[in-house]
């Protein structure tokens, strides 16, 4: 890791330090994904089976996992594992239940009532990546809010073979439709439907470059499906002062770095000596990690920034806009009102990122890659939509009519004006 | 307008009746917009001036409208107009203020506090279309929530010459940066910035096919900007029973139809005779409209649907998912719990759509083209983002540690586990 002294850098150098590496997916991924989507649209289930044989080396009899197979997964898990997943489930449920919106009702002027009501998105598709280790935590992060929001249908796709932990959490979340599908073909199946999989309205979840590109393509097609948020490599920024523990910081930076070679990890501190101690601790701890190679690659592009003051550290963090923001300072809560552009914030020595990744209750699906400027941490709101309602009394309409007529006139929209005038004339006849 | 009897149609025919016409923009718009964006990125202000001369036939000295020119607009407006705009402003403010979110704080288990906090999006760009008539109402719908959300910077672009009504509302909303720019070049300037216009984070507002395509392109580029929602032609669906007034329905359908030749208008009723009377009333009222030609084109593709029952009408509406939904039935509020997939709902005889377009307080920027299934009516939430926070006490961490360690183990993420284990070991040393 490279250490830089912030104030010694020019504006351009500062920008370059905080710039994320470009994601260069290349035209070949775009074209490959487009071809997979077309195959699924054209050949449905047959395409799904052919693509799964080709990409996952698995010949599927049934695309769908049977209810029995889902139920049996629990029998193969240890009680320790089931208890842990249940404990995480409970906390995530508690926090997402607290996000239930209250309906809003306001009488903006006498006789003019405006309301905001919320409805669950009808059908949602949850994508869970495969790979070397299962990700039951991601099932929790998508399945729990889908259930609490009241989505009528939540389906799950994950490449075969699907781990017992994933099936178990699916069952906890009441997900009955589980499909052994990965990659762009899974996204295409959820977005457009096939003989055996009914189309969904919105697709959630992380994935590799093919999944990400497929989500982008189907979300750009009005016949496709909406998606949760744009994807990017995972990242953490730590703000720390001399009260922090360098071992803790090193452990937090490494737990981000082990995610993948493209993970970004950043430390910002006013304490040069702390930066040095963190760098040493990272080297020591690296040796004990099974994923040290991945972490080492990620650390190659990562930086320790020494700034003038804690205020300067906060400004750098707000400018970078990290997915995860860990604050290990004397009084971390005092900084919270100033913190902006972050996905999830971890306050104090005893709040490591991994707690939020799994079990504190917050969602681990977060905007990254600078999208924290405009996108939100995944929450109940993403599984529902807001509609507005208005209801006017006769008197309400009479009172507001001149306002509507005047503005409609200015906008040259006759019929808009007449829809009001006609009613006013009828009301005057009735009086 | 064509009248169809729903139950006499096959499933395929029903789908075809509710299918929206495809938006075929063509590769030429995509390429033209891409070229404009590149020019603005490369040549900045000079490109903006050249493109404005080319597309708007206006030679700009200053791209920005001076504060004096904004202030002077008020002097040229009638008091009637200013009062109407102020009245609309007040109602829209009241309804959007009521949308202010409460921070959420939950102790999910002892010593584990999870919070959700909201921050305004820092810089927003508001696009207001030009054309034959000004749209001050759209400035209200974008400017008011930007102000209430607390966005630090809200800028407005609209093609020259900008009408006094627009400048006046900009001033009401506290917008100081107003630029005489339209089309894809305005979107590019807001998304990427130029010498005289600083980049924004998110772009809002309606526009023609070039503006829509430019918004799509910049929102697909992580260096660009987020956008409010996908765009489509405006549309209304009316659910009415025999208690409804055919003149009112005709007026409401026409006020949608006059928006543009691609507007969609649909009536769904269990009363065949009502459908006939509405068709007659439309013909009569059409003759009095200045935009009758546009309305007539829109009506050509529109339909009156006769269904078996009010419940069937609701199901058809939910399946279509209209931007605007007008309910003129005996007891419209009784239907509200069943209504889904709508942008804004207008209950009863005295709630015409044009009231919501201008002045009731609800926002007129709404999902359309079926996007009501997943997107929300524009609101305060779109001008801010949610971040989560967690803070654990020592005891909180000790209690949750085994859960995190167990799941991290299952996911093969050593460093995630160690970030917790290391802290637990230190805590045990301290005890």
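From the backbone N, Cα and C atoms, a Cβ is placed for every residue, glycine too.
Together with A:256, A:259, A:324, A:357, A:411, A:416, TrEMBL lists one candidate of A:219, A:234, A:290, A:384 for binding substrate, that being A:234.
Highlighted in sequence order, A:129, A:157, A:159, A:181, A:182, A:183, A:184, A:186, A:187, A:207, A:210, A:211, A:214 have their Cβ within 8 Å of the centre of the Cβ atoms of A:127, A:185, A:208, the residues recorded for NAD(+), and are not part of that set. When each of the binding-site residues A:185, A:208, A:234, A:256 is scored by how many other Cβ atoms sit within 10 Å of its Cβ, A:208 comes out lowest. Across the residues annotated as binding NAD(+) (A:127, A:185, A:208), the widest Cα-Cα separation comes to 13 Å. Each of the recorded positions A:185, A:208, A:323, A:357, A:411 was checked for a CB under 8 angstroms from a CB of chain B; the ones meeting this are A:357, A:411. Neighbour counts were taken as the number of other C-beta atoms within 10 angstroms of each residue's C-beta; across the recorded positions A:323, A:357, A:411, the minimum falls on A:411. A gap of 28 Å separates the Cα atoms of residue A:185 (NAD(+) binding site) and residue A:323 (active site, proton acceptor). Looking only at Cα atoms, residue A:411 (substrate binding site) sits nearest to A:323 among the recorded positions A:127, A:208, A:323, A:324.
Counting only residues at least six positions away in the same chain, the Cβ atoms of A:233, A:234, A:294, A:298 sit under 8 Å from the Cβ of residue A:259 (substrate binding site).
Listed binding-site residues near residue A:324 (active site, proton acceptor): A:256 (candidates A:208, A:256, A:416; Cα-Cα distance within 10 Å).
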